[in-house]
Amino acid sequence: MAVGGVGTSLLLMAGIMVTVGLCRRLTRRRLRAHQRLCTFLLEMFSTFQICACTNELCLLGNVEPKPHTALTLTYGFTVLHGLTLTGSTCNPCGTLQPMWGGGISVKMGGLKIAAQFVAAVLARGFMHFIWSLEMAEPHFGALSQGCSNPMQTTETQAFCIELLFSVVFQLTILRVESVNPKYRVHLIALLITMLVYAGGNLTGAVFNPALAFSLHATCFYDKFLSYSLVYWIAPSLGTILVAFIWDEILPRIS
């Protein structure tokens with residue numbers, strides 16, 4: 001893949017991040033008095049950024065040298081997301097965690113999850129429109145790929161992998177809450193990069209139901225039950241398991 005094509009993709013993702021940043025800033029200024037609408041839009045814009053950029057990053061997975069380039073981009077953009085999207089979870093599992101512990105109401109949690117899935121659909125539609133313009137080499141033929149078949153193992157193994165990764169990720173999020181934010185974002189980015197390296201070739205290592213739907217909507221349409229079990233139910237169960245252990249078991253032990 002030509003360097004120019006990669007550069008165009010990077011500029012596209014940078015443009016998305018700048019635009020989302022401006023939208024978030026405008027939302028905070030103009031809609032601060034309307035709490036629910038403000039919360040919905042902030043979560044939607046943030047999740048849109050992650051879904052849109054990850055859709056584009058998936059096209060760069062075969063850039064040489066493999067897998068170093070893809071992992072470096074994964075780490076770098078995860079850090080940028082962490083620095084620019086403070087206050088947003090961008091992951092239904094990350095919203096389930098405080099809902100279970102009573103940190104946010106069911107109504108507010110449902111509002112955030114709805115915003116995340118709306119953003120997932122919008123991001124997929126937007127990126128398909130961008131790819132149809134074929135502005136860069138990675139976009140050529142991107143729309144004709146259909147389901148990319150991210151599950152390269154049995155359904156049971158894929159379920160266990162996404163469940164395990166969700167447990168590890170959510171547990172780490174809880175453990176690093178007290179860490180200085182400028183270090184925490186790098187720790188989380190490093191963990192995500194390691195999980196992608198460990199399981200990316202088996203399930204894609206998504207552990208985010210909204211992101212999974214944005215990346216693999218065609219697969220959900222073709223095999224809804226299998227993909228919903230692996231990419232929705234498994235990470236959600238992992239999150240509930242972590243929340244139960246963290247809130248119910250560990251306090252009793254300590």
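Cβ from N, Cα, C; glycine included.
Looking at 6-27, 160-181, the range tied to transmembrane segment in TrEMBL is 6-27. Remote same-chain residues near the transmembrane segment (224-246) are listed as 92-94, 96-97, 100-101, 151, 155, 158-160, 162-167, 170-171, 174, 203, 206-209, 212-213, 216 (criterion: CB distance under 8 Å, separation of at least six residues from the stretch ends).
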